[in-house]
Amino acid sequence: MLSATLRPSSVTSDLLRVGRAGADHLNGVLLLAHFPVACLLASIYGDWPIALAFGAPTSALAFALTRKHPGRSSTRIVVSVAYMLYSALFIQLAHGLTELHFHVFAALALLLVYRDWRLPLIAAAAIAVHHTLFLYAQQIMPGVHVMVNAMSGTAGLYMLAVHIVFVLVESTILALMAWRLEMEAEQTQVVFKTLGELGWQGRQNASTDDVVAAQRTVVDAIRALEECSAELESAVIEQRAIDLPPSEALYGAFLNVAVQMRRAAECVESLRVEADESSDRLRESNRVLAAEIERATALTERAEAATIAKSAFLANMSHEIRTPLTAILGYAGIVKSESRNDDLLSPRLMAVDTIERAGEHLLAVINDILDLSKLESGKVVSEHLDSSVAQILCDVDSIVRARAVAKGVSLQTRVLTPIPERILTDPTRLRQILLNLAGNAVKFIEQGQVEILASVAVAGGREVLRLAVTDTGPGMTPEQAARLFQPFSQADASVTRRHGGTGLGLTISQRLAVLLGGAVHLERTAPGVGSCFAFEIPLHEVPGSIRLDTFAACIARSVTQAPLGAEAETPTLSGRILLAEDGEDNQRLIVHHLRNAGAQVTVADNGRIALDLLDAQQGSPSPFDLLITDMQMPELDGYSLARTVRERGWSIPVVALTAHAMSEDRERCIEAGCDDYATKPINRSVLIRTCHRWLSNAGMHRDVAATLPSQFEGDPEMRELIGDFLVRLDERVESMHNSWNAGELDRVLVEAHKLRGSAGGYGFPTISAAAGRLEGCLRERADHALCVIALDALTSLARAAVRHETAHA
């Protein structure tokens, strides 16, 4: 029975089929996006017939199959071959450009999402056949312009062999990984099904009942023997009492006792046999149960290892894709800025716009997949912070309004009932949910109006904050609405064709809302009328918070003076920057941005070289003012570099540069010793403003190492007091940041004033001066950016002081 149970269940097949159907939808979109890239390469290198003859049919066939027959084996095979055809087409169009060979390896890695070991091998066979045919074509038709001019004669055979070996090795590894993932999914499902069928608890209870019943029967038999003995004794006494011959009295009683004892012995023997059989069954059940528990434990450990491997794979894929995207979008921006005087319809400007749109679309797809992956694995946790509802409404309105104006759509934000200014929630997650809903409304509407509505309602006997987004867009049928809130799903395939996207937005919003204690739901929709999406979260109002009854009042209470996302004037940089980055394309791009802004930049190819340069600059009259480091590098990565810098007591500010885009990744960088954080692809304005914030205090940072130890450090009576102060200092600075994020500038002012006095009293004049600068900025109501710089400078000094104390404790 056990062997029959261990066959792969139909449930596992259904789960794999659903996952593969979702992967088909994603790959269909990606293959459709390949065709504009092929056209771009054709326009650059002048080979339009090949691009149109091979690119258009390949994209059309793959996209049609992924929409009409998702989840089928034939569809997956066509997708894998289509990726290889595009790899060959890109290389052909670019005349054998070496960098485009990486498309083959990236495409093979993407096929792993299917968990089908055959696909990497099929793709490898396809690209091997292609290379062989092209080599043969060049040998029999010398006039044919093939993809790699060097692929002729002996050298061509050697290059062909090298290419095939590399592709086959990666394909074999990926096929083994896919096979292992598929088998682990099947085995995990089978184990839980087996445990359910085993019903071990019921059998355990039944076996226990058998033993108890046997014990009761034996006890009853013993009691019967005791009664017989008592009866015999009574009969003997009675016969003696009436002076009868004992033999006559004993004979009948003896016969009766003998019969009773024989029956009792037979009963006891029968019960003993039954008890032995029950014990054997119980031992066998326990043995089987122990084996299944051990097997389930092993499979659970393997599943956890597979989950860890999946997370590592997604992180590495994110880094590998975002790193070239940094160069693509960065250089596209440079070319676009240099082409401002060109005709808007010029082929050059249109090509650059195509590159930019395709790159941003790919970035959005990657972000959605990473968000969903972390939500599914339970790695995203919500915070409980003092948050400004007014600020969140203003942020979302300003971001979405720019898109609405561009489409000619009316956008209104209204407060229906008075709402609290401040509540306890996770502002980042709340903003993301509302931004997703409002962004979808503007995205799918062609004309009409979108409204963002805020109110306080009562649900389940308690107040909730209700946020809704209504639109007068196309609306949905009941069948279309039933497909919402499912990963990789939209109303229908035409939505994806017209508007693009992965179909993950509502799924992510729903799971984030659950994380905050609420839920997103479709309140109403009808074709041609529009839709209304709403969600509620528990209302934890901050004591003393006022209520705002109009959106104008929200704007007045908003901390941010300029709309979120608006381009501020790019500042000028002054100082020496050390850049640790191993990618040559990204090196050139970042150096271009920083030098154009006025900074002096020195480049290190990895963390080890950067550490040597920093060490050599110690004691120099003009040391580096800022370190920017990529977090994934050979020799010594950015995390190890930042930790080493802090362990050696160097006070240089460190800005992390990484392709990992989740808030948890920022915390990891800060824990390693970094002071700030920027993500790839690089946004030029954000990068320069970040550098300006830290370079503005370069002189102060150069003197930090000498001024951070307390002036009373040598006083034994002050050591314990200084340690207590530094423990509280970290908490006080964190509290100031929370108050700043919640818009409570008065609290920040009070804390800065207190810290200015106490830091001086404990012998930290540098921290006291930094707190005084922040206090002055707030009292004079200085520019928002200046206040941010002052707060960040104080934070950097406080953290450096705590690190110094920890290192010398």
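Glycine is treated like the rest: Cβ placed from N, Cα and C.
Nobody curates TrEMBL annotations by hand; they come from automatic prediction.
Under the heading domain 'Histidine kinase', TrEMBL lists 316-541.
In the predicted model, the domain 'Response regulatory' (576-695) has a mean pLDDT of 84. Feature annotation from TrEMBL assigns domain 'Response regulatory' to 576-695.
According to TrEMBL, the feature domain 'HPt' maps to 714-809.
All protein chains considered, the CB of H753 (phosphohistidine) has 16 other CB atoms within 10 Å. The annotation phosphohistidine is assigned in TrEMBL to H753.
Per TrEMBL, the feature transmembrane segment maps to 50-66 (among others). Under 8 Å from some Cβ of the transmembrane segment (50-66) lie the Cβ atoms of residues 24-25, 27-29, 31-32, 34-35, 38-39, 41-42, 72, 74-75, 78-79, 82, 85-86, 89, 92-93, all in the same chain and six or more residues away from its ends.
Per TrEMBL, the feature transmembrane segment maps to 78-97 (among others). Panel annotation: around the transmembrane segment (78-97), residues 24, 27-28, 31, 34, 37-38, 41-42, 45, 47, 50-51, 54-55, 58-59, 61-62, 65-66, 103-104, 107-108, 110-111, 119-120, 122-123, 126-127, 130, 134, 145-150 of the same chain, lying at least six beyond its termini, place a Cβ under 8 Å from a Cβ of the stretch.
Annotation comment: TrEMBL describes 117-136 (among others) as transmembrane segment.
Annotation source TrEMBL lists transmembrane segment at 157-179 (among others).
Counting residue by residue with DSSP, the domain 'Response regulatory' (576-695) contains 56 helix, 24 strand, 40 coil.
Each residue of the domain 'HPt' (714-809) gets a DSSP state, and the totals for helix, strand and coil are 82 helix, 0 strand, 14 coil.
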